[in-house]
Amino acid sequence: MVDFARVQKELQECNRDFEVSGIRVVPKSEANLAHLLGTIPGPLGTPYEGGTFKIDINLTDGYPFEPPKMKFVTKVWHPNISSQSGAICLDILKDQWSPALTLKTALLSIQALLSAPEPDDPQDAVVAQQYLREHHTFLGTARYWTEAFAMTSSLDVEEKVKKLVEMGFPETLVRSALDSVGGDENLALEKLCSG
Amino acid sequence: MPIPEINNWEHFRDDDIMLRHSAIQAEEAMKVPFIGDKARKPLILIVLEPISSLAVEYQLGSPILLEKIKVLAAQFTAIRRTRGDGNCFFRSFMFAYLDHILESQDRPEVDRITVNVEQCRKTLLSLGHAEFTFEDCFALFLEQLESVVPRCEIPISHDELVERSRDQSTSDYVVMFFRFITSGEIRKRSEFYEPFIHGLTNMSVEQFCKSSVEPMGEESDHVHITALSDALGIPIRIVYLDRSCDDKGHVSVNHHDFSPLATDSTKANACCSEAHKPFITLLYRPGHYDILYPK
């Protein structure tokens with residue numbers, strides 16, 4: 001059995017200082033605290049800056065004596081993260097895990113890994129090769145992936161605008177309607193129809 | 001859990017390797033339950049019995065070991081084996097301590113250690129540990145302690161203690177309790193421990209605690225034992241079974257007593273050796289600890 005009482009406390013503790021850390025953990029559904037979604041902001045001064053990275057978290061029955069299973073949902077270009085599967089190569093998610101650690105400290109460690117790649121102990125050999133041999137290209141690719149996959153909120157908005165414009169509403173009205181309802185497509189549609 | 005045969009290495013990924021690795025570890029570890037049965041047989045057989053399996057292990061190596069086993073037989077009545085899963089020191093310590101309290105019904109000792117445990121709780125909080133990470137471990141240890149010397153009910157039986165100590169979950173929580181205590185003590189007195197740790201590993205005190213104390217399954221060394229003994233104020237004797245002998249080939253079994261620092265409560269009679277006489281004796285063979293029962 002996962003220690004759900006502890007998981008509850010972890011969620012409270014983590015989300016309490018979201019303003020400071022920028023790190024959040026939420027259950028994927030209220031019914032099951034064993035499946036969680038974490039988000040970490042890309043560290044400043046790295047190609048990941050400005051991105052928001054989603055991490056899939058699965059807790060096994062042995063938690064907190066066994067490490068949480070974590071992998072990137074957001075595609076990321078990094079030597080220690082699989083560009084295909086999002087698998088993370090990090091010691092504390094394997095044999096260096098301890099019940100003294102928490103979901104938040106694990107996510108902080110992942111954030112630190114984004115700042116300080118370890119290409120000598122790679123998860124993704126292709127990325128690691130590029131990191132070591134064509135560092136400039138690596139930085140460009142990592143930045144491009146961040147913009148393409150980790151900054152989806154702005155892309156989302158464009159998609160919604162496009163959809164609503166295709167329904168026949170003028171773009172300026174669509175944009176102001178989306179703005180006024182905080183980006184919710186359905187509410188914006190209602191507003192446009194009633195207006 | 002049986003370990004599946006691998007036919008296709010091409011699609012073998014990190015996760016699979018981890019799974020397979022832990023399956024092999026689990027299979028090895030299952031060969032000895034957490035805390036073995038104390039052999040209740042005539043003396044010479046008792047000590048020789050567990051060592052006989054060892055003797056097979058060292059058969060081609062060293063007659064010194066066999067000599068030393070004879071010496072041990074003169075001093076101890078029994079050995080209780082613990083599982084070799086990297087937690088053997090803490091598990092041996094847990095059982096030896098609770099067993100001693102159950103036998104002695106030493107309420108003052110329980111009151112004394114409870115004060116130290118509360119002190120450790122404060123240490124962990126001041127070091128920035130989130131309380132929810134350690135509170136369950138603390139509660140479970142105190143619960144075990146209470147069950148062997150209850151204030152108003154009858155104590156649990158010896159068999160019940162063995163049963164509980166064999167329960168994976170209970171046992172792991174208590175092991176983790178000791179890991180928390182050890183880590184907190186080392187970090188609290190990091191100036192004292194730094195040179196030892198540096199000599200051992202090249203790590204900082206912080207790194208050492210994170211990588212060699214707090215994770216389950218990390219083996220214990222002098223540093224761990226010293227810290228645990230100091231933090232809880234419990235003297236520990238370690239008897240060494242290794243291949244050392246003097247120039248003339250004479251063998252003697254060495255031991256080392258870990259004597260806790262005098263705390264305020266014990267300072268008054270620090271000269272009194274009774275307070276520092278170890279009631280926990282563990283047998284150390286390179287890489288492993290078991291419990292010894294003195295005559």
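From the backbone N, Cα and C atoms, a Cβ is placed for every residue, glycine too.
TrEMBL annotations: computationally assigned, not manually curated.
Pulled from TrEMBL, these are the features on record:
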DOMAIN    A:2-151  domain 'UBC core'
ACT_SITE  A:CYS89  active site, glycyl thioester intermediate
DOMAIN    A:156-195  domain 'UBA'
### Task
Measure the Cβ-based neighbour count of A:CYS89 (active site, glycyl thioester intermediate), defined as the other Cβ atoms within 10 Å of its Cβ.
19
### Task
Give the residue counts of the domain 'UBC core' (A:2-151) per reduced DSSP state, in the order helix, strand, coil.
58 helix, 31 strand, 61 coil
### Message
Can you give me the average pLDDT across the domain 'UBA' (A:156-195), rounded to a whole number?
### Response
81
